[in-house]
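According to TrEMBL, the protein has these features:
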| type | residues | note |
| --- | --- | --- |
| SITE | ARG15 | site 'Transition state stabilizer' |
| SITE | LYS22 | site 'Transition state stabilizer' |
| SITE | ARG152 | site 'Positions MEP for the nucleophilic attack' |
| SITE | LYS208 | site 'Positions MEP for the nucleophilic attack' |
Amino acid sequence: MSYQVILPAAGQGKRMGAGINKLFLELNNMPVLIHTLLVFDEDKDCDGMILAVNPEEQDQIKSLLDQYKINKQVIFAQGGAERQQSVYNGLKAVTNSGLVLVHDAARPFITKEMIKMLTEAAERDGAAIVAVPVKDTVKKVAGDHVVETIERSSLWAVQTPQAFRVSVLLEAHKKAEMEGFLGTDDASLVERIPHPVAVVPGDYNNIKLTTQEDLVFAEAILKTRTKLIEAKGTDSS
Ligand SMILES: Nc1ccn([C@@H]2O[C@H](COP(=O)(O)OP(=O)(O)OP(=O)(O)O)[C@@H](O)[C@H]2O)c(=O)n1
Ligand SMILES: C[C@](O)(CO)[C@H](O)COP(=O)(O)O
């Protein structure tokens, strides 16, 4: 099913500590932002992208879109002080009435297969997210002592993209704004409507570039993918 995608891209990258918006950092000689946009640019179901940006970075981003020949329509929205506000500003620029995806511009390893599974679930249920089961033992800590160990079997680490019927996400953001609720993802706003949210399997490689060590993982993921593509190319069977 076709969709528009909102990409919050207006962060500061404070935890990355690179002194610039981390989306301009390069992986394999190409900015992180372009790695992410290319996946949507090449997805036939994507009707267009809405980029929430820092106004002072908009011209630099426009030049990158030209340089890397991004073909699909890109609409710019103004970034907000928090990610949630950036998404809400993007949502106000949506022109479709069907499905909208929200995807962190800082997650460059999303795949078309994952998007497909997600949009099918969102079409069916109105809201869907990708997530992976938590692998670590998780404990609640107060100060420097353990309060309790949380039962792990029902814990999932949530990623983006997240997909919603446009009307559902609009209702969720309006309610959150009215009630002063700030969540760390969009599904948490939808849960508060309340509205059910389906979960589809994500990928442990779908990392968000947050801190310096993530760049090392990112280079390794890229290398592995390149090797896999090369191996497929030389496979004569
Ligand atoms: N006010 C904000 C904050 C974040 N984002 C975007 O939301 C995504 C996830 O945010 P995060 O990883 O927290 O990015 P930063 O805010 O850049 O990082 P930090 O919190 O370390 O400053 C990123 O694509 C980021 O550009 C945004 O559009 N507007
Ligand atoms: C939306 C998100 O990607 C879910 O994991 C994440 O919450 C975004 O940013 P955060 O500031 O690192 O929580």
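Placed from the backbone N, Cα and C atoms, the Cβ positions cover glycine too.
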Local backbone state of LYS208 (site 'Positions MEP for the nucleophilic attack'), from DSSP in three classes: coil
Cα-Cα distance linking LYS22 (site 'Transition state stabilizer') and ARG15 (site 'Transition state stabilizer'), given in Å to the nearest integer: 9
Annotated recorded sites ARG15, LYS22, ARG152, LYS208, filtered by Cβ under 6 Å to ligand 2: LYS208
For ARG152 (site 'Positions MEP for the nucleophilic attack'), nearby residues of its own chain (Cβ under 8 Å, 6 or more apart in sequence): VAL134, THR137, VAL138
Neighbouring C-beta atoms (10 Å sphere around the C-beta of LYS208 (site 'Positions MEP for the nucleophilic attack')): 15
Residue pair LYS22 (site 'Transition state stabilizer'), LYS208 (site 'Positions MEP for the nucleophilic attack') - Cα distance, angstrom, rounded: 11
Fewest other Cβ within 10 angstroms of its own Cβ, chosen from the recorded sites ARG15, LYS22: ARG15
